[in-house]
Amino acid sequence: MPLSTLPAFLSVCAIEEQAKKIVEVVLQKSVKALTNPGQRYDDDSDFAPESEPENNTDSLSETEPEQGDWKVYVSTGSMEDAGTDAEVTLYVYGDEMCSEPIQLGLGKDGLFQQHTADKFKVNVKGVGDIYKVRIGHNNEGDRPDWYLERLKMKDLNDYQVLNFKFNRWLSRSRDDGDVWRELPVVRPGVEPLPVLTYQVAVYMGAESDASFTSNLCITIHGSRGDTGCRLLHRPLNHTHAKFQPGQMDLFAVEAVSLDRLKKVVIALENESGDGVFLDKVVIKESAESNKEHVFTCNQWLHKDKGDGQTERELSLEGEEWKVWVTTATDSKSTHGSQATLVIYGDKGKSEELVLANEETKCFEPGATNEFQVSTADLGDIYKIRVGYEDEDKWDGWHLQQVKLQAQSSGEEFLFKFDRWLSRTEDDYDIVREMAITKDSHSVLPVLQYYVSVYTGDHWGAHTDANVFITLYGERGDSGRRRLFHSTTNAVKFGKKQVDTFLMDAVSLGQLNKVVIGHDGVGYGAGLYVDAVTVHEGESAVSEWFFPCGHWLDDHMEDSCTERELSLLGLRPVEATEELQRLSSSEDRENKKSNGNFTVYLRSSDSVGTGSRAKVWLTVYGETGNSGPINLGTDQDNGKFSTPGKEAVFDIKAGEIGELTKIRVELEPESKPTTWQLDSVLLHDQDTGEDLTFHCDCQLSDDPDTGSLQKEVPVLRAGKMPLPVLQYYVMVHTGDMEGAETAGNVYLCIYGNKGDTGKRQLHKSLTNAVPFLRKQVDVFVLEAVSVGDIEVLKVGHDADKPGEGWFVSKVVVKESEYAPTEAVFTTECWLDAQKEDGRLEREIPLEVVQPASPNPKHQKDGDKEDKEDETTQGTWDIWVTTGSDRDCGTTAKVQLVVYGEQGNTEPIALNKTFEAGTTQKLEIKMKDRHTRQEFLFTPCTWLSDQSEQGAMIELPAIRPDIPPLEERTYEVSVYTGDVPAGGTEARVYFTIFGDHGDTGRRILTNSINNTDKFQQGQVDVFHITALDVGKPKYINIGHDNLGRGAGWFLDKVTLKESPEATSEYIFPCSRWLDSSMEDGKTVRTLRLLGEVNDDDNTREKDSVTEGEWKCWVTTSNVPAAGTDSNVYIKVFGENGVSEDILLNNSDKNFQKGQMDEFDLHLGKDLGEIYKLRVWHDGKTSWHLQQVKLLDMHTNEELKFDFDCRLVSEGQEGSMVRELPAIRTGKDILPLVNYNVSIISKPCEGNSSERPLFSINLVGERGDTGVRPLLAQPEVDVHHVEAVSIGKLQRVVLRKSPSYPPYVTKVVVKEGDFARTETVFQHEGFVGDHDRPQDEAEQELTVSEVAVCTPSDRRDKEEIQTQGEWQVWCTTNEHANAGTHAQVHLVAYGDRGDSGLLTLQNGDHDCFSSGRTSEFKVNVGSIGNVYKIRIGHDNTKEYPGWFLEKIRMKDVHTLAEFSSQPRRWLATDSSNGDVWMEIPTVWPGEDTLPVLKYQLEVHTTDQFSAGTDSNVYITIYGQRGDTGKRELVRSQNNDMKFEQGQMDLFELEAVSLGELQKVVIGHDGHGLGAGWHLDKVVIKESPGAEEKYTFPCGRWLDENEDDKQTERELLVQAESSAKSPDHAQATEDTTDNKKDEWTVRVTTSEDVNAGTDAQVTLTVYGDKGNSGPLQLGVGQSGFFERGKIDEFDVKVGDVGKIYKIRLEQDNSGTDPGWKVNKVELAHPSTGENLVFTCERWLATNQDDGQTCRELPTVREGEETLPVHLYQVGVHTGDLEEASTDSNVYITMYGKRGDTGKRQLVNKLNDHTTFQRGKVDLFEVEAVSLSDLSKIVIGQDGSRSDWYLEKVLIKESPSSKESFQFLCSSWLSKDRGDGQLEREVPVKKQDYIIQVYTGDKFGAGTDSTVHMVIHGTQGVSTRLKLLNNMEDHNKFESGGVDTFLLETLPVGIPKRIVIGHDGKGRGSGWYLDKVIIKESESMDEKFVFQCDR
């Protein structure tokens, strides 16, 4: 086997598990001695079940098997006299020895009787591997004859089973007269030894006694055992007395091949009688063999004569040879292989002689080896053949020469080969022949034979077995040659293929037969051969044609894997005929045959084979036949009786077209007629064409020796002749009084290609006397095929009264094993006195049908029953990879095998598939048990780039059985039109049907959309797969996990081809999303029904009359039928039918049956929209389909139920309903209503649960009354029904029981509905006084309530790490790309990402048509609700057309996508280079995108206008818009002019309540300064509400505070209240839940008041308010000792835990000291007091202008205020220092610090210098664990390179948070960013926790741990999810955790404990081991043992 072939011996799961389970009991210990009788067993379960014989019984004791113990089963035939009284003996032959005779027992003791099976236990220890058995008897007793059916042996140690099928008589008077039979062992994959009939010729000397009347016995010995002693009692060559003086007697001895014969032992049967003088014994292996084995005796076998011996051992005569073999120097090493030699002589040939020398390594390069061999007397030798075993280890042999020397004469023969014997060299053959040379010339030439094998056009005709052929001719044979190298095809023996092979052999002369076979074993391993042709050399003009037309398969036809093919004739070689045609004259080309022929008939050369009978010839052509032409008799000149005579005739056949066949026949005479016909030649007198017909047959009226007719087809070049068939004719005589006949019956078969002629039916294969009443007689007629059978003529010649015949029918098959049969039913008399008196009838063909079983033949041994073979499911698999370049793969290859009972799981073929020796991929499977074999040859690459993906389906091809067809299914996938309903996932799909499934297919290429599976879209796919039969259900899913990564699937429709009119509907209407509903990403969709465009053929104006046909089909599954009463109800748009009982027969609704009913529905029902079916529950019923047909309009509706309606009391439903499906119309969905009946126990109520039924009623009908099984106190039931629309009422029915108290009934439309309909009751159902009465209660809708959908998702939520993948697709437009720098900002409910640059190293990542991937870290921003994407508008042509953007969280797998399809360019419609996109999450509301209207008011001061580029950022409750340039004024050509209002539109995701704006300009242009009055913003052009942001200040580098950017807070609509200022205005807002009153008390200290602007930020557990502007000190607020009151909208921040108060340090005296802040909630009365007593001033206290104050609540722990120690490390790079103002915002689990200037330094050197560390304090309410920081500088002075930031909660804290930056904060360096978001550095630790191995050591508590290391302390770590995914902390267990925490350096100690909760909370801890990673070798072990 080549290396490229993969012998992956895999154990494949059983597809069909039907193996018999045999329980065997041994009942008696066996006797050890082999000569003792075997023991019988008491059953016959091991024999085939088709004819189970009666079992003998005997009681034996049970024993354990010993070595060599076998069980022997012997089965006697079933005919009347099959049993025997004789003693039966068994011999077992093995490769080590033969057993002693095993006496099985005596028939007269009750063994071996008719139709019985006997079992014995025998011991054959020491015989080795068994290869044959011999069984026989002693021919004694009253009834010695015995018919042996079979023998079976089973090894009791390894359960090996050997089967021997005899089906023969062991009888002196029957069969061949022998009482012994031998058969070889048959093993899978091994060619069995042949059974030979040895021809034994016994020659008597002249001096022998003539009075000898006894018998001789003979034993033949060979190199493979012996025949045993056989009696020579029935000669074959005469019938008179045997063993007479000078006489030769010929006997047959049947035995398994003995291989090379060595000796015979011959003896007298009875020593007491006379003897014989034996001359010699001559033995041949068969009657046809030319080789004789001579055993010379020339002695007496006589007790009184000669030496008195009555037994002689005779040795074989022969010749001794010396052989010298010379190997060429360039030959290959043998590696221990052996060569063989065959010598041919005129008396025969030698056996295959092995050339071996144990002492010397033979055939090495340059060596000459000598051998000694022995042969029989071969006569004059004329050739030799040399070869070697066909195996891989010998790469090739360059044979130089062979020399032979006969030892008797010294004669030498030299054969100079000088040829390679190699599968890779020369002509690829490993066999060479050469003839002897005389006078330097070869006696015979070595020819190159062209052997062509025609493989048939049959399913499974191909094979990959090794095929062998032997050519036989006048001069011997070619030897058995493997057909190795096809010159015509790369892969040999393919279906309908012709393979030509070249074979060198010494000339064989005229060929007469070939033997072809193969070594394949098992069903499907065989080959169908049409024919074999052979011709000599390339220029041959004709070829020998050997027809076959049979299977070579051990499971087909007669189970032969080797066939002998006889010569049909010589066929012109196609090319030669073409040359002849071209060279012929014009006249000849134009001549047409008129049917004038000269006929040459040649008789055989054999003496005594002529005939004097009349000869007839019939010539057949394509358009007719000549009719029988009388060629006369032999009376004239002996033309038919003279051997070798050629008779010549001229005939006129007529214009019958091109000839197809001839028939030659003899007319029978009163005396026996026989003629040996050699050949016929027809010469066309018109065209000159010669046609030769090779006959070589005996025409005879004796049916045992021949036939009166012979048909031969015409052979023409390049055309297959009509096949010669053995028609198998079964004649059925009727069951009528006097039906039998004794007349001569004949028939003639007619077809579209001719007829058989009139054939006499003489010899029945099934009956000794044919044509008896009620009898079936079988005849075989040989004839050239008549084509498709059409008519049969049958008749007989008995015309006397009472001799008529009643023929019932005649069945004709083209062979005994044909798959179909032609049936001719007659049922008539052929009788001169009955009916029409005719004796002959022509009968037309009635039907061609699958073939029925053949009748049993008269000779039971003719055919063997097939073994009852059942697969055990274990298969061997070979995979051969194609030889093309790159054919191999390293991918994981899987195999799935499908059978009628199911399919395997994917089987991994764990091999490397390198390029092989075939030109395409091949897969072969072979069943180890049954030997069944399949060969699969894919015709395509397996590649994930192909349409089908890297998978292919291949049908199992069985011989003569059409495989499953390939279909192109059209799959339409409907994505739901719901937000986030589309998906980017890879969707896969499987169709399941009657014939298995398609396998998982990836839906790759939508044929109608570029982007697949988009919201509201239909995508169509074509799937090529093997036919799965009618689709039952589909599996569809995808491989995306995570929020938003899923898909809302509406439905799938399926067509069996793109052209099909029928469509299958599979509804879904569910999420396939790991974050929605039940979290499933794969769904199984059941077939709802089928709709056909051709079904609804009603005309436009046709109106129903209400008369319908109804067909109900019961499924063909076990227990499908029912005897229940079945009802249906039909629902129409205008009405509903009554309950209709379907009952018109007692035999309705049986398994697999279709029942028909008439329905009278009336005219007014309207269009039918649903059908309900139910039964009364007697027995369950599996309903397949209901079909309705309107008899007037012809409308047809199909309802495919394919479900079981259970019997009463079973779990399930007795009611089913389906919607009507019509083309182009919406289908009502099937809804699984959840019904909850809430009841409560009441005093006096029975504990027995009541049984309820319920009927749901809605806008579209009702569900019908549905029984509800009893459940716990709150009953939840499922009612599947066609949607009834909006629920209106329910009808609750109680069974006889005590009235239950029902509180309410709640109904939901499925598990995940968002609303539920409530039906309140609060009362009893039924009457207390009459509890056994049924009661009914109708309830109406009380309310439709919002409910929480069921959630079956048990997975713990994965926490985001902030890492996202981003894919941006640029439009394909030529100028759509950009080289500008593209940025992204992501917003979440906990903050935003800051400005992220999209870059991946590819300069052209935003080129036209490109999709590029980026990775960003957005930080801990919570749930993302929007993104903003844009660019910096730099480079040439910066405009960008964004086609699509997709983002995916790397850790949580959450993802969303959008298709903006818009320009981001200053010259676009809105001039914006930014756009905002809301995230669309499944099941959640999406924020709207608003077009904010901005009014920018420039004051009327002198030079107030500006030419600078103005930008704005709007802030609200939900983030900000980002910095947007105000490009295009909608109302002015010149922007920002003095006293002007400019209107701009800014598109952004809704910000909620607006809070502030930041507006500024870039200072470019003349008169850059700008005096801004205010900004007014509306959410849309039509919005009434306005947000006003007053300014009234300069934005000018030279005016005011020299700032060009201002932060403007929204002016609250409700006035601020202060003792000294404006009065409060009345709040007209109805909803005040988000409004708070803020009172700020300023200290009475000197200068405590402030002129600055004050803002407040409120933090709660749901978020923060954002900065709320309270007022400006310059406006009179926040004066010393005053209390200022404000009403503010805080928003829904949840429970408030802190506030932040800050002043912006503006004005002349900004410092401010605050006593306290109070927050009061008017609605709830909650009042929070925040005591401050601190300065907010740069020159007071700690210099901070911001204070955070925690909430203080009584009884609750107050959050601590930390002095965070912030260490800022400036990098050690050139120009790393900065003088700019640096700020920081810290983020933690509990909010943020807000933006803090780093001014409060703790060291005294200049800040932010190269390589220095600056330490600052930031006071803030505890943030818990820090997650990130945002740090930046204002760019006012210089660049800055930040290395890292380290933060501790306090100076004494050991825990340190690291933030690694290593980046520039610069406009001109790095990526140009002045601000960075830096996540905290985390460390992964692997923690292994060992729980002690003590009783009760485990715990259910929550365990926590803190790690103390050299660099700090970790946070408190909870050990929740172990990596082993099993229960944690079990006794003796080890749990592994992967935990992320702050880096602590080298762990020094740990603190570990638990919360003490849960049962058995105590815990015995053995130890803890910590590693920093899996790859680290260093471990830190912390022992506990406590």
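From the backbone N, Cα and C atoms, a Cβ is placed for every residue, glycine too.
What you see is a predicted model, and the numbers here were worked out from it, not measured in a lab.
If you check TrEMBL, you get these features:
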- 43-67: compositional bias 'Acidic residues' (COMPBIAS)
- 1618-1636: compositional bias 'Basic and acidic residues' (COMPBIAS)
- 196-315: domain 'PLAT' (DOMAIN)
- 319-435: domain 'PLAT' (DOMAIN)
- 447-566: domain 'PLAT' (DOMAIN)
- 595-713: domain 'PLAT' (DOMAIN)
- 725-844: domain 'PLAT' (DOMAIN)
- 967-1086: domain 'PLAT' (DOMAIN)
- 1106-1219: domain 'PLAT' (DOMAIN)
- 1362-1478: domain 'PLAT' (DOMAIN)
- 1490-1609: domain 'PLAT' (DOMAIN)
- 1634-1750: domain 'PLAT' (DOMAIN)
- 1762-1879: domain 'PLAT' (DOMAIN)
- 1883-1986: domain 'PLAT' (DOMAIN)
- 37-68: region 'Disordered' (REGION)
- 844-872: region 'Disordered' (REGION)
- 1612-1636: region 'Disordered' (REGION)
Tally of DSSP helical, extended and coil residues in the domain 'PLAT' (1362-1478): 0 helix, 56 strand, 61 coil
Per Cβ pairs under 8 Å, the stretch of 196-315, 319-435, 595-713, 725-844, 967-1086 packing most closely against the domain 'PLAT' (1362-1478): 967-1086
The domain 'PLAT' (967-1086) - residue tally per DSSP class, helix then strand then coil: 0 helix, 62 strand, 58 coil
Summary of DSSP states over the domain 'PLAT' (595-713), given as helix, strand and coil counts: 0 helix, 62 strand, 57 coil
DSSP residue counts for the domain 'PLAT' (1106-1219), split into helix, strand and coil: 3 helix, 60 strand, 51 coil
For the domain 'PLAT' (319-435), the number of residues DSSP places in helix, strand and coil: 0 helix, 63 strand, 54 coil
DSSP-assigned states of the domain 'PLAT' (1490-1609) in counts, ordered helix, strand, coil: 0 helix, 60 strand, 60 coil
